[in-house]
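If you look up TrEMBL, you'll see ARG145, ARG152 marked as site 'Required for activity'. The N-linked glycosylation site annotation in TrEMBL covers ARG145.
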Amino acid sequence: MAPILKGEVDIVIPTIRSLDFLENWRPFFEPYHLIIIQDGDPTKVIKVPEGFDYELYNRNDINRILGPKANCISFKDGACRCFGFLVSKKKFIYTIDDDCFVAKDPTGKDIDALAQHLENLTKPSTPYFFNTLYDPYREGADFVRGYPFSLRAGVPTAVSHGLWLNIPDYDAPTQLVKPLERNKTYVDAVMTIPKGTLYPMCAMNLAFNRELVGPAMYFGIMGDGQPIGRYDDMWAGWCSKVVCDHLGYGVKTGLPYLWHSKASNPFANLKKEFKGLFWQEEMIPFFQSVTLPKECTNAQQCYLELAKQAKEKLGPIDPYFHNLADAMVTWIEAWEEFNTPAKSNTNSSESA
C-alpha cells in the first residue's frame, strides 16, 4: 500500500544524539522526508541510519539562515524543533522525540502513529458540541441522538495530539512523588477538545496542519540563557488553541499512542520548570480570558495580536515575558520570509 500523503508530510525531530531510534520506526517513517534539528554542540556528528531521506540543521545553520532573527530559536532545548516547522514546505508536520518508540495496541499489533495522526487531521473536528461517542467520523461511530444536525459537518482539524504508554509526561514535582508510575492504560479514543478549553500540549507525539496553524506553533525562547525550560510545548499549545478557537479550527487528542522509553531527570527538570510552576498560574488565566479581534483572520495575524497582549498582560510578572513577546514577533517575521501568507478563515468561531 502506498504511504499516506507521502508528498505532504515532514517529520521533525530535535536531537543531541545519533538517531538509532529511527530503526524502530523504519516501516512507518522511511517513505517520508525528515527534518532533523541538531541541538547543542554543532561540531558533533549526528548519525542517521541509511535509507532515510532527511535534511539536518545545526546551530551554525540556523544562525546562517536566519541571521539576526536566529535569536528567536531556542538553544539547548527541545524548542529548537520549531525551526523545522519554519523551513518545511509541507502541509502537515509530525514531530516526535528521539526517546519514543513504536507502541503496540492491545492486540499486540504495532501502532502506525503517523497514519493515525493523518487520519485525525484529514477528518473534521467537533469543538462546539461534545459527542459522547467521541470521534463521530471514525468507523463504527456516529453522532449520537440529540447532536445538532447543523453542527455535524464539523470544522477543519488543525492539531492532532497523541499520547504515550510507559513513561507519562509529568512535571518534576509529580515525577518526584511518583517515580515508578507508568501509564499502562490504552484508551481507544480520539476526541475534540471543546472550544474555550485549554490543554497541556506535549510535543513528543504531535502533528498539525502547517497551512492552518503553523505560525502559532512557536515554542518560545527556552533553555540556554533563559529563566525557564520545559514550557515550550505548553506555550505553543496554549497559543495555538486560542488561535484555533478564534479561527474555527479543531484540536484533537487521544490516539495514537507511542512508547516513551526514558524518564528525564526530575531534579534537572525542577530546575528548568521552577519559575514556570508559579508563572503558569498567571499564564493560564491570561489564555483563558484573552480575546482576539475579528480583524484577525489567519494564524499570523492572531499570533501577532497574542504577542502584543502577552507583553501587556504578562510583562509585569517578569521581564522574560517582554523578551518572549518580542521573540514571537521575530518568529512571525521569519515565518513571512520563508512562507506564503497563512490561510484566512473568515468563517471563524465568533458566530458559534
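Cβ coordinates come from backbone N, Cα and C, glycine included.
Where the annotation comes from TrEMBL, it is an automatic prediction and has not been curated.
Here the structure is a predicted model, which means the values were calculated and not measured.
ARG152 (site 'Required for activity') sits 12 Å from ARG145 (site 'Required for activity'), taking the C-alpha atoms as the reference points. Here the Cβ of ARG145 (site 'Required for activity') has 5 other Cβ atoms within 10 Å, regardless of which shown protein chain they belong to.
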